[in-house]
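K.L.:
Dropping the structure in here first, questions after.
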């Protein structure tokens, strides 16, 4: 019901405060928040006003306090009937109904999620459902009616049923949101018009409308619902009052007649209906007559016009004022109410959102993820489709060009036309593909669709659908007969039925139905015949079927033939026809659709083309301007960049000139110093040892040089200028040259002063004249000639004597030096001779300090004692307590020791010098000798700094390889010997390490001038001789590279490793310089080298054995069992036969007599003796009568033997027969026959003999030749040919188990089993194994064991040839062939063994040495081993054994452990199984054999795997050797390719080793191109700031895992390090630090040692 009920009976001044709330009774849709406790307070409507007030003209109907068009708060649509969603409230000040309790039990829903009972009558609007009648009114003082909470409604207990909807009120389209009109209309459509209402009535203010006479109403009898309604407690007049439609949101007042209570309402049931009608008609007629009789009414009387107008004006004014006041109040109330409602709705909405999110969050996330994955897949598909189209366009363009060229050359017209077709086809394909590329999707073809239903305007939609990938929408049934298929008429349907009946009739007549067309005359005739037959015979008479056996068989045969042959054929024809027809119809429909669309395409194409052209023009214009702006911006940036580059270049040139002047100053200063010192100590003369090439080179280097005497020198009082105070920006270099001369003179003077002041008054150098030590006469002090000291027990060679002179001159000048003779030329003897010279000539007996690697400490001690017995040697090593005792012999009071001193020479290691530095620095040492000085190659190490702080007069460095890796190491040695001259300037360091090496990166020649200057600087401080120049009697050294190939297993491993890593990514990461990547690269290098050495370094072949299905012996503790545990016969099968104890006891045995078995004795007596036929008496009687035993005389058996045999078992008879021999072979001797004639004997012994007269032999002995002999004598043949008695079986069983035994709990069964298994006599007879007691008896009685050693009855088992085991050990033959290197080494060692050579075999990995030991054992080669784990005392004995025992063929050594301080001249062959990346390490190792004392030619073999990382490492080592030759030896620098890389690119260099030749060539080419553009390969723009770099992990640590630290690069203890018996931790000054850099126990998990890291990589750590 629309509108609100009438207001209460109040005066116009007493308007209701709150209008009544009456929601619509239409069906409402349920929504959240519609629970009863959420409804606003509802007030019942007030009573209807009286008729006088209703009809009063002063009564103005105020508008509804609620806005009728208030939008819904939760987004739902408004009511379909146009009624306002929120209706007015009652005008009473207090609510007539009590508010529903929000938490009451009667109105609360069953569950918090289930809808309340009122949801059964849901409303379509936003108002809350209510079943209170619209006309319900109640007094404000009246108590509210109780609510009835039921399953379908909520309201008062007694309630009038709702008024049914009017038949004229139809449900609008708006009320159905799924209607076609709602779907087609947009969200902004106007609301549908409300249902029709009567036009508004206008009232005149001057005159009142006349009252019409009361019409006659014929009352009809009340219906049953009206009766029920009348029986309610509401007034009948009000219930029966007709409802008028609302106008402007108000409900008009009731008519006076309707409002007045009828006097007959109380007695309606008592009065008859006829009397009521009669009284009503009479009253009405009487009232009409009275009205007609009146002339004028009171209202129509004149004279009240002005009063009426004044009254009406005041009424209108008052009404307007009241409306305004009420409007403001109403607005305020509405605002307040809506605010509360909005807050409540907002709270409910938020709770609903949270609840919805909580429920559907996971589902939404999954859906979004799936959507993203699907979008990513679609994007990839689009990219693939785009690439395919681009490739298609490119291929078609190539085909098009080729076809055009071919068409231009061909003259044949037919070929030209054919090519023209191909060209047109290619152009079309290119065009289509290009259009598809521009559109970004495939061409969409127009699909045929069914016509749509008519829209709101009455027509059909004019748009055409384009076929897409999405499935077509489901077909809807069109309205008003506009379906896609035309409806059939009745005639057509009847015709189809007739046709079907005709076909059925034809089939009944056994006539085939022809496939006739649609209008076939045959079909028409059939129809007519069927109709005529149907008309003539409306009810056919049923025919009696003919039944016979032949007929039925023939009938069934016909149907089978038809079903087998004709029906499939007809079906196929029908299917083909149908498919052809459908195809034709489809094509026709497509053509028709295309034709129908042409008119639309013509109209839309021009507009689309215009828009497309405009967009394209705009796009091109924007592209042009963007490109133009970008070009201008790039030009500006290019100009700025060029300016910056020019400025940088100018600044770089200025800085280069400054650095050049600075470098020239340093070199000039060093050259002046070197020239003077070199002339005095005669380095050239010491180096000149008869080699013409070297002499010529030296002389050539001196050409064009100004003599020293002509060099202008400053005065002696010239001021020394500090390096920082010099001005290197000035163009004039005169001041720099003068400063260099002054500084050089000062350095010489300072060295002399320091040497003189070291010993004070005892200084022997005081005899020299100070005036001679200047640059004016540089040759005055070089005339000192030194002869060999007498106390030296050996004879020095010529070059060694020259070296002694050079060392003595260095000492007398107070200058330090480097003795860099090649290994094996006697550096140790020369340094010892210097100490002997000082003791003999200058009476300086010490103290001398010799620091050497721990592996050579014993060698130094032995050499000093051997060559100079007068010098006392103090070996300083051992525990902290031992060293403390040794320090008591130190004499700190005397600077110079005498002959009577406690010691003269102290020999110690680098490790202990650094550890006890505080004690060593308190003593002034006369001479400090550092052996293997490459140990201090790093100027940043604590060892270098500690040794530099020692107080010593002179320092001497001994090294065979002054340059190992780069020039930086040589500079560190020079800086150590001359700290003041070779100061740690960055420019000087860069010139040594960077300028020379980086010069060779471009593969150009080295600067000859700089190289000459370098040689000139090094000459005074370093003496270098080579073996081939100074030692003529020493044999040559021949180096050979032996290339090996990868085996199949190695190649598989190598390829697998290469496939797991990306070489390009590694090189790009290496360019960044990350420490983690460096460690990863080194690990990869290690893995690749392992593959090249032997694949068993990754995975060893396992020892296999059959699966043992048995129980093994168990013991609680092997400690209690003694040293030897015999567990023979302890295994038991898992399957055992359990027997009762009775069966295994004597009581259960029938043949064993006992107290429990009485029958056994009876049977033994009677059956075995009395009734036995084998008794002697019975046998003898039978033989006398020629009965049963008469055959014994032919068997040569007596009666006693027959009786004995019958009472013994098989085993006893076999043992007895073992000693007997047949006499058949004797007949051959007694009766010889001629050759070839077989004469049989006729004696009694051989009357029944059917075999030859020979003893029975084994079949293997009878067959002398043929295949049978080979098969029967396999074991003997193998033993004869192979020299071994074992044969490998062809197959191994998969499982093994001991025999199944009987299990019984009785002791008797156990004793019987033991007696059976371990019967001494039986075992001796079967296996010929004498017992222990028998052997002791034979030995004690000194008997001959031959009679007691009988032939065993059982032959040797077959398992003895396989050594009684099924355990399979990995084949050593396969072990050798699995590695290409090992296979090549096997051949090489065989040749060397036959040639009488002895071999030194060097390895990089100790695990490979373990494998090599297995190989040498397999080949029976005698060997000895020395690696990092060898103790010092064992090391000395091992070297001595190899030198003195010629039968030792191979010496296994680790390159680092066996390459220092060892004399192994007994070997003449050196084999490097894997080369070191540092060539100097290999040179030291091979010089262990190629040194003084070697009389044979030394051959060096280097095994290299072809095409692997080893080949590239070898190339890199050759480049390093070339650096040493050029820099140190003074050779020509032409064509030298250092191919050196800077320190930053070391990781990239390692990564290049992993690439093959093609990849390396590509990478080098890319790097060159990148360098030309000014950018580095693989470098990224945004590099992170490098923090503290971790400790560099060198390849030395990676390669030499498990070896000792013989170079003492760290304080880690080693088995081959300094022989410390106690704790090294007792060294003062070296405390266990925690944290970074500390070697304490508290190492974190990340701070793993290199060995642990490698084990982790190799998979050896769990």
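From the backbone N, Cα and C atoms, a Cβ is placed for every residue, glycine too.
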K.L.:
Can you say which of 927-930, 931-934, 935-938 is given as motif 'DEAQ box' in Swiss-Prot?
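P.N.:
Spelled out, Swiss-Prot records motif 'DEAQ box' over residues 931-934, not the other listed ranges.
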K.L.:
For the motif 'DEAQ box' (931-934), report the average pLDDT of the model, please.
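P.N.:
Average per-residue pLDDT within the motif 'DEAQ box' (931-934): 84.
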K.L.:
With an 8 Å cut-off on Cβ distance to the 821, 822, 823, 824, 825, 826, 827, 828 Cβ center, who else from the chain surrounds the ATP site?
P.N.:
960, 1491, 1492
K.L.:
If you run the three-state DSSP split on residue 822 (ATP binding site), which class comes out?
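P.N.:
It is coil.
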K.L.:
Using a Cβ cut-off of under 8 Å, list the residues of the same chain at least 6 residues beyond the compositional bias 'Basic and acidic residues' (390-399) that approach it.
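P.N.:
Same-chain contacts beyond the ends: 422, 426, 429-430, 433-434, 437.
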K.L.:
Provide the three-state secondary structure of residue 827 (ATP binding site) computed with DSSP.
P.N.:
helix
K.L.:
Quick check on the compositional bias 'Basic and acidic residues' (408-425): DSSP residue counts for helix, strand, coil, in that order please.
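P.N.:
Taking each residue of the compositional bias 'Basic and acidic residues' (408-425) in turn, the totals are 15 helix, 0 strand, 3 coil.
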K.L.:
Between 824, 826, which of the binding-site residues has its C-beta surrounded by the fewest other C-beta atoms within 10 Å?
P.N.:
826
K.L.:
Once the chains shown are all counted, how many other Cβ atoms turn up within 10 Å of the Cβ of residue 827 (ATP binding site)?
P.N.:
24
K.L.:
Pull the DSSP breakdown for the motif 'DEAQ box' (931-934) and write it out as helix, strand, coil residue counts.
P.N.:
2 helix, 1 strand, 1 coil
K.L.:
By DSSP, what is the split of the compositional bias 'Basic and acidic residues' (390-399) into helix, strand and coil residues?
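P.N.:
Per DSSP, the residues of the compositional bias 'Basic and acidic residues' (390-399) fall into 10 helix, 0 strand, 0 coil.
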K.L.:
Cβ-Cβ under 8 Å from residue 822 (ATP binding site), same chain, 6 or more residues apart: which ones?
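P.N.:
For residue 822 (ATP binding site), the qualifying residues are 960, 1024, 1025, 1026, 1027, 1487.
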K.L.:
Fewest other Cβ atoms within 10 Å: which of the binding-site residues 823, 825 wins that one? Let me know.
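P.N.:
Output over binding-site residues 823, 825: least Cβ neighbours within 10 Å is 823.
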K.L.:
Which chain-mates of residue 821 (ATP binding site) that are at least 6 residues away have a CB under 8 A from its CB, listed by sequence?
P.N.:
803, 827, 830, 960, 1023, 1024, 1025
